[in-house]
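Here is what TrEMBL records for this protein:
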type	residues	note
ACT_SITE	E153	active site, proton donor
ACT_SITE	E318	active site, nucleophile
BINDING	R114, N152	substrate binding site
DOMAIN	17-395	domain 'Glycoside hydrolase family 42 N-terminal'
DOMAIN	460-610	domain 'Beta-galactosidase trimerisation'
Amino acid sequence: MERKQNFQWGKLELGTCYYPEHWDKSLWESDLDRMLAHGITTIRIAEFAWSLVEPQEGQFTFAFWDEFLDLAEAKGMKVIFGTPTATPPAWLTDKYPEVLNARRDGVLYRHGMRRHYNYNSKKYQELVARVVEQLGQHYGKRPCIVGWQIDNEFNCETQQFYSESDTVAFRQFLQEKYGTLEALNQAWGAVFWDQTYTSWEQVYVPRTTYGDGVNPNQQLDYIRFVSQSATRFCQMQCDILRKYSKPGDFITTNGMFGSLDNHRLVEDCLDVYTYDSYPNFAFAMGADPRHNTTLNDRKWGKNLMEVRSVCPHFGIMEQQVGAGGSSTRSAPAPKPGQMMLWAMQSIAHGADYVSFFRWRTVTYGPEMYWHGLLDYDNRPNRKLAELQRLHARVEAIQEMAGAEYIALLGLVKDYDNVFDAQLDAWHGDLANASEMELFVASQLAHTPMDALYLDHAALEDLQRYPVLFCPHQEILTPQRAQLLEEYVRSGGTLVLGARTGQKDAQGHCVMAPMPGLLSGLTQTQVREFTFIGPADDPVPMEWDGKQLDTGIFNDVLETVGEDAQVLARYGGQAWYAGEPALVETKAGEGRVLHFGGTFTRETVKALLEYLGVYEAFGGLAQVPPACEVALRRKDGQDYLVVLNYLKEPQEIVLQEPMVDLGTRCDVEGPVVLGSYETKVYRVKF
């Protein structure tokens, strides 16, 4: 179904993360004045400040935030108020150690960092509900507050929870799902190695075992449980705040991290989703950007693609402006222009709100090297000047706010397979390699791509894309198989990869040839399969005179229907050389291509050319590989965004007359983009 949002910004806005508790009050007014003078109209506050409102259990005080919010209102600054539940205070964790998260061996994570609680502690839920209730009652009608952020970065730091409370909740989760121990034992294949359970009290979250091995079928349910736990913890807070918030105020959280169904999080809890974008990780000390093959900072577009699938018109709650790091890791400062480039990268991919982390670098603590807009000395600097230029650019392109991101490719996913790939190397190694290669190839081909999650999509969502890639859908359910088949028969083109249809919903390998439930559609079967091992030569496939690498895993295909046409065969020295590697089958109004390998950028390029979607917007502009192209559409008007990720100037050629929104000049033909520059054009036809 089409993604619905309860909130949209309605215009492009800039913000920052501000921590008044870190600074002397004498700085507050000048800080807000300087923010407003540089185009910042919204600040996020309070997400790590529980002790400021509840310094002792049950003793609430609001004087600090009252004083600050009075000033914010006087200045006309909008505020996103964070619930402080990511950092329970020392009085809480000391008195109630049962709220703490634990390692797999049962050792508790103690006070001193963040996110050291567990979602399922009844005591923690009680204390969280109380502080959120107090915040909602006291601040829900505040004029300056326009939104609430729940917690901070769910499942950051860790996605594993092994406290006693988690075991109790896990048992309940399993009882609700399976009903009986017999059903649980069957789902987990517990007969293997005599893991059979005869009492619910014998069932635990995964625990320390020899070699830390875990039953993968148990682990799959455990990850689903972690996702549900985080979602319910978020929903509890949202339900409280909605009793007190003003009409039009939004509730969000920031992320995104693993072991979490972010689509369900939005559908059940949130009005809008925000992401934390830190592209400078690509250049951190210890990275190898000169030899990186995944586009360095440009690959953050893949993360933004995922965010867009959750929430088409999202926000960035934390956008990188300075060198990131702590006392244990380090990175160079962003180059002149990169701060603006990364903000425009977010906007190009669908963000209508961009908030910078942080206003001023804190002078102490674990994040004293996460550098903000202002440095320790508080003087005007290059980053502040760049923010001023960005504000002017954002105002110049306001007409693009709320525009739809246009993609011709869809990357098909679902959370069963995402979670399974986290725990299964036979799946994860393939999925990670293919997804990155698909993204890189689509970027270099200037053919933008969206992500689609099947359990949160309907047929009409799939039909928006002439081509869908479904790389390694190992877990395949009848419902998903039917949806994919309906897409093909209605005129779509579906591209499948190796190991499609290997497992059922419980992660059991099915006793049928791959691609399992889709074999009737593809008219193919997998006869044998293998990893390409470290002692093996790369295995090419021969397609239309080209030798194309088939990646790290090969399914040896055979055709089993008269409509199946072999397009390419394995070559090289493989023992299966000459066998089908790529098969195309017509079905209804569409077609399906079954590829036996993992996707490489060369293979994806050949497929895009064959399918007629290579350089999808080449009729608008000819763009070099170093630049990214995004197309946004609003009320029938197209906007072309071109981003240069290199310090060297790049020349593009506009094939149609356009208006440069930065200069309001008509342009056509050759245009040079400067170092790290972004251009936004209104297409004139």
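Positions of Cβ are set from backbone N, Cα and C atoms, glycine also.
Positions of the features from TrEMBL, shown on the structure.
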residue: R114; record: substrate binding site; DSSP (3 states): coil
residue: N152; record: substrate binding site; DSSP (3 states): coil
residue: E318; record: active site, nucleophile; DSSP (3 states): strand
Least surrounded among the active-site residues, given as E153, E318, when other CB atoms within 10 Å are counted:
E153
Write out the long-range same-chain contacts of R114 (substrate binding site), meaning residues 6 or more apart in sequence whose Cβ is under 8 Å from its Cβ.
F48, A86, T87, N152, E157
Report, in whole Å, the straight Cα-to-Cα distance of E153 (active site, proton donor) from E318 (active site, nucleophile).
11
At a 10 Å cut-off from the C-beta of N152 (substrate binding site), count the other C-beta atoms across all protein chains.
23
